[in-house]
Amino acid sequence: MGLRGAFSSAVGATVVRRKSSDVDDGTAAPAAASAIENAVGVWQGESVALLPRRLQRKRNPLRSWGELEIWQQEDNHLIETGYRSATGSLSACFSSLTYIHNETVNIYSHLVGSAVFIAIPVYLFKNEIPPRYAVASRADVVVCLTYFVGVAICFCLSATYHTVMCHSRSIDLLGAQLDFQGVILLMWSATIPLVFYGFHCDDTLRNAYWMMLSILAAVCSVSTFHSRFQEPFLRPVRAATFGSLGLFTMVPVFHGIYRNGWLMQKQQMGINWVLITLVLNILGATAYALKIPERWCRQTFDIFGASHQIFHVMVVLAALTYTKGILQAFDFCHADGYIPCSAR
C-alpha cells in the first residue's frame with residue numbers, strides 16, 4: 001500500500017466510524033487526527049514502512065545499529081551509524097558503491113589493492129625483469145605470479161564481500177566464507193616465493209615445505225565452509241586457525257636463518273621486509289581484535305578510521321612491503337657474483 005492508499009484508508013475508516021455513531025462522544029475527531037497522522041507519519045520520521053522501499057532508500061539509505069536486522073548486528077556494535085539496510089537486491093548492494101557508508105573504506109581499500117596487484121606483475125615482467133635478468137627462469141615467473149594473483153584474488157573477494165554483505169543473511173554468510181578463502185589463499189601464496197628463494201638450492205626441503213603448507217591451508221579452507229565456523233562466538237577459533245597458518249609460514253624463515261645464517265637469509269629471503277610485513281599485519285589485527293579506536297570515541301570513527309578499516313589498510317601496506325622482499329630475493333639470486341646451485 002502506498003502513501004496515498006494509506007491516507008485514503010485512514011480517512012475512510014474515520015468516516016465510517018463517524019456515520020455509524022449518532023452521538024459524537026468527542027473521540028471521533030482525535031481518532032481521525034491520529035489515523036491521518038499515522039498514515040503520513042513518514043514525514044515526521046515515524047512510519048517509514050509506509051513509503052515504497054525505493055523512496056525509503058532515496059530519503060535516507062543509512063541506518064543506525066539499532067535499526068538493523070538481527071543478523072546484521074552480529075559484528076561490531078561499537079560502530080553505531082552509517083549502516084546500509086538489508087536490501088535483498090544485488091543491484092542495490094552494488095549501487096552503494098556510489099555513496100559513502102561505514103563499509104566504503106573497506107570496499108575501496110581492497111578494490112584498489114586488487115587492481116594494484118593485477119598491475120604489478122604486468123609492469124614487472126614487461127619493464128623490469130627482462131632487461132635486468134635475461135637468465136630469469138620460468139620458475140621465477142610462476143612463483144612470483146602465484147603471489148601477485150593470490151593477493152589480487154584475496155582483495156577482490158574481500159571487496160565483493162563488504163559490498164554484498166547487506167543483501168541477506170545467506171549472502172552475508174557465503175560472502176564471509178569466500179572472504180576467509182581469500183585470506184587463506186593470500187597466506188598460502190605468500191609462502192611460495194618465500195620458500196622458493198629461501199631454499200633455492202634444496203629441492204627436497206623446498207618441496208616438503210610447500211606440501212606441508214598446502215595441506216595446512218587446505219584444512220583451513222575446508223573448515224571455513226562449516227556452518228558453525230561462522231558463528232560470532234567462534235571468532236577466537238577463527239583467529240587461532242588463521243593464526244596457526246600464519247605462524248607456520250614463519251617456520252621456513254627461522255629454519256633458513258638457522259641453516260644459512262642471518263646475513264645470507266636477509267638477502268636470499270628478504271627477511272627485513274618480511275619482518276616489516278609481520279609487524280604491519282600484527283598492528284592491523286590488534287586494532288581489529290581490540291576494536292581500536294572506536295571503543296574510545298563512539299561514533300567518531302563510524303565512517304572513517306574504524307578498526308576494520310585500519311586492518312584493511314595495514315594488510316594492503318603489508319602486501320606491498322612483502323612484494324619488496326620478494327624482489328630483493330629475486331635480485332639476490334640473479335645478481336652477478338651469486339654462486340649458482342650447480343657450483344655449490
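Each Cβ is built from the backbone N, Cα and C atoms, and glycine gets one as well.
Any TrEMBL annotation is an automated prediction that lacks curation.
The candidate list His101, His162, His167 contains one residue that TrEMBL assigns to the Zn(2+) site with His308, His312, namely His162. Below 8 angstroms of C-beta separation, residues 194, 197, 239, 246, 250, 253, 257, 262, 307-308, 310-315, 317-319, 321-322, 324-329 of the same chain, each at least six residues beyond the ends of the transmembrane segment (270-290), sit close to that stretch. Taking a C-beta cut-off of under 8 Å and a sequence gap of six or more, His308 (Zn(2+) binding site) has these contacts in its own chain: Asn76, Asn106, Tyr288. Sequence-remote contacts of a segment are chain residues at least 6 beyond its ends whose Cβ falls under 8 Å from one of its Cβ atoms, and for the transmembrane segment (145-164) they are 90, 93-94, 96-97, 103, 106-108, 110-111, 113-114, 117-118, 120-121, 171-172, 175-176, 178-179, 181-183, 185-186, 188-190, 192-193, 312, 316, 319, 322-323, 326.
Other residues of the same chain near the Zn(2+) site, with their Cβ within 8 Å of the Cβ centroid of His162, His308, His312, are Glu103, Val105, Asn106, Ile107, Ser109, His110, Ser158, Gln309, Phe311. Within the same chain, residues 139, 143-144, 146-147, 149-151, 153-158, 160-161, 165, 206, 209-210, 213-214, 217, 220-221, 224-225, 230, 238, 242, 245-246, 249, 252-253, 269, 274, 319, 322, 326, 329 sit at least 6 positions outside the transmembrane segment (176-196) and bring their C-beta atoms closer than 8 Å to a C-beta of that stretch. Contacts of His312 (Zn(2+) binding site) defined by a Cβ separation under 8 A and a same-chain sequence distance of 6+ are given as Val105, Asn106, Ser109, His110, Ser158, Gly284, in order along the sequence.
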